[in-house]
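Structure first, commentary second.
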Amino acid sequence: MEYSPILHNLHVVPSSHVKNKLFVFCIMLSLWVYMIYCCVGYCSTVPNLTYRSVNRHENDSEIDNQDSSVGASRDLLNNENDLDSRGDEWDEIRGEAKALDDNAMSGFLNESESKKLPQAIIIGVKKGGTRALLEFLRLHPDIRAVGAEPHFFDRNYDKGLEWYRELMPKSSEGQLTMEKTPSYYVTKEVPARIYTMSKDTKLIVVVRDPVTRAISDYTQTRSKKPDIPSFESLTFKNISAGLIDTTWSAVQIGMYAKHLERWLQYFPTEQLLFVSGERLISDPAGEMARVQDFLGLRRVVTEKHFHFNPAKGFPCLKRPEGNSKPHCLGKTKGRTHPNIDPEVVQRLRDFYKPYNRMFYRMTGHDFGWD
């Protein structure tokens, strides 16, 4: 048969075209797989950004429903419930998740890893030192903890346990999953809800001198709203009568014994650990030893992980290996407190004394606040 260039071209060109398409497709597929490969490890340890953006504008009352014996919470300042989980902290948390978690990228292709409901929760209290404790714990290789505060048991309970589980980082069989939301401790519905999830959940409460805690709470709010009323005017229902306003959330949170009564209706005292916020600063390794024992973990986080920063007034984290610079919590930690009228401070101390003594008896530990 006579050779025809036209027929030859009709045969060759389509074949070459198909090969080119296949080559381009392979390159695109490789890039896509690589992107998924990179994202899986990162997303498993960094808090859910979509969740944060959806909940950014939700109403943030400090204590929605308090025990009737305590009274309803007065929130004249529109006080944000926990700025640790807010926008100004988000970059800090996101950066620390990568810098402090030794296992941030480990096991991201490990099929044995899965998302689990937390076996331990830091339930309070606000401005007690919960962020510091969480970051100290995230140094431990057997702990996987979500950085942002889920607020599941107080604000998002209607979304269900599967929604809650999806917020958790992936963990392997020997690892403990944790979260922290300080407002849990003072929200009356939370104990029963956590008990319903698991009656074996271990609970950690970071407590601090209630007077100092209240001033710290106020300082945080004032940093966002400089024109708020004075601490002194908010503390009293009637300044001349000297009657403390227990409906102000900054005062109400420090009535630790009242809140603890609700928790003890569901959980035995041995299932709760009370961490001293003061000792978490003065002796972080000592408090971390107690926490690790309580959680049934090896004592991995020790004194070699801490470096006290005199400028900030609290310990910073360092890696035992190498000479890297100690890593401190962000600028929103260690704010300078305003000067408060000493008479107001003393009246608050007198107000808290019976609650403190009751709390000491209930916990079996004297925190030395009086």
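Each Cβ is built from the backbone N, Cα and C atoms, and glycine gets one as well.
What you see is a predicted model, and the numbers here were worked out from it, not measured in a lab.
According to TrEMBL, the feature region 'Disordered' maps to residues 60-88, out of the candidate ranges 60-88, 205-233. With a 10 A radius on its CB, CYS328 (disulfide bond) counts 18 other CB atoms from all the protein chains. Here SER216 (3'-phosphoadenylyl sulfate binding site) is positioned 19 angstrom away from CYS328 (disulfide bond), judged by their C-alpha atoms. Counting in whole angstrom, ARG131 (3'-phosphoadenylyl sulfate binding site) lies 12 from CYS316 (disulfide bond) by their C-alpha atoms. When Cα-Cα distances from CYS316 (disulfide bond) are compared across the recorded positions LYS127, GLY129, SER216, THR336, the shortest belongs to GLY129.
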